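A short worksheet on the structure shown next.
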Amino acid sequence: MHKTGLPAMRSFAQTYAIRVESRAIILAAGAFVLAGLCALLVMHGTHLPLWKGWSVGLLAILAGSLTGGIAYVVSAIDSSRRIAAKTGAKRRILRFAWDTTALTFTHVAIYCMLCLVMFSTLQTAFQGLRVDTLTGTMLVGVSGAATAYFLSLSAATTTAYTLSNLLTVFLSSGVLLSMTTTADPHWWEFNFSILGTTRDFSSLAFNVTLILAGATITIMADYATNDLSAWTKRLFGQASARIALIKWALVAIGILLACVGLVPVNRALIVHNTVATGMVVLFFVLMIALRWLLPGFPRTFFLLGYSFLGCIVVAAVMFFPIGYYNLTAFELIAAAFIFGWLVIFVRNIAAVTADASSH
């Protein structure tokens, strides 16, 4: 009797998972060498602080951004090619290029924020410390390896669910970073848009966060509605044309959010307010219309959406005419409910898709 070897018995999912992990380790090893060599050349014969100015932390940000970005692109290209070869799906080159570029920048931005927090905290804990060449090289090398490893894994396992988690972490971290680094301690007396007007690091962080978050939403819209199409096919025998309406509504929301960052309020007040208002209105319309666009979707999700709408309306009344909240507080409450709803929507899509696939 012919015995099938172990590799032949493995499913595509198993062999793919092994390849993903192996590739991440190889890329991390290469990143460690590359980042370490860069740090060695720059730090040779010198001692640098952990943070502030020309420092080990800055070297880690520069080297890690390079190695992490390369690792993400390499992993995304290889994963896309192998999945397309296995499933026979046609690769959309332009769409793939857009997705990969935007998500690479988003992941690298998260890494930069993490490095900033980590090295500035270490510098505060070890005040006056200046590290030698060997120690600095190791720190930069490890930082580069870690970001290459995790970004490689992220690129190979991109789904609507993972993108929703990415959006949550990135948007909240970026806005919080802008809030804590702004030169104006009383910005909150006006509104969130003021954070994007100061022409310093805080302003850059705020506007770039909105731009990349908007881009991430457009990508997430594609992944999420592909899952919805597969779910409706299993449920009704064919994909619903209404899925396209949901997709383009989400894409429009992402574009409008990016425009809020591209057009600061101090440069074009009318344009800024128009796109911001349009984004909120479109969110509300989608929340309300989803019950008719997605028959068969979990009823609890619709009830949650209506309760979120009610909370936003109450917050609006508390802002005007009551005046209990200022504009910043209302914007914070509304944004929390809106983006919270979006994340829960994607999680519910993942849940119904998983249930449909198991039957």
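Placement of Cβ uses the backbone N, Cα and C atoms for every residue, glycine included.
Listed features, source TrEMBL:
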TRANSMEM  24-42  transmembrane segment
TRANSMEM  54-75  transmembrane segment
TRANSMEM  96-122  transmembrane segment
TRANSMEM  134-151  transmembrane segment
TRANSMEM  163-183  transmembrane segment
TRANSMEM  203-224  transmembrane segment
TRANSMEM  245-263  transmembrane segment
TRANSMEM  275-294  transmembrane segment
TRANSMEM  301-323  transmembrane segment
TRANSMEM  329-350  transmembrane segment
Non-local residues, at least 6 beyond the ends, that sit with Cβ under 8 Å of the transmembrane segment (54-75): 20, 23-24, 27-28, 30-31, 34-35, 38-39, 42-43, 48, 100, 103-104, 107-108, 111-112, 115-116, 118-120, 123, 131, 136, 139-140, 143-149, 151-156
Proximity of the transmembrane segment (275-294) to the transmembrane segment (329-350), 3+ C-beta pairs under 8 angstroms: yes
Result, the transmembrane segment (245-263) in contact with the transmembrane segment (301-323) (3+ CB pairs under 8 Å): no
Intrachain residues whose Cβ lies under 8 Å of the transmembrane segment (245-263), provided they are six or more past its termini: 193, 196, 206-211, 213-218, 220-222, 224-225, 228, 271-272, 275-276, 278-279, 282-283, 285-286, 290, 293-294
Contact between the transmembrane segment (24-42) and the transmembrane segment (203-224) (at least 3 Cβ pairs under 8 Å, separation 6+): no
Contact set, same chain, for the transmembrane segment (163-183): CB under 8 Å, 6 or more residues outside the stretch: 103, 106-107, 109-110, 113, 116, 154, 192, 195-196, 198, 200-203, 205-206, 208-209, 212-213, 216-217, 219-220, 223, 339, 342-343, 346-347
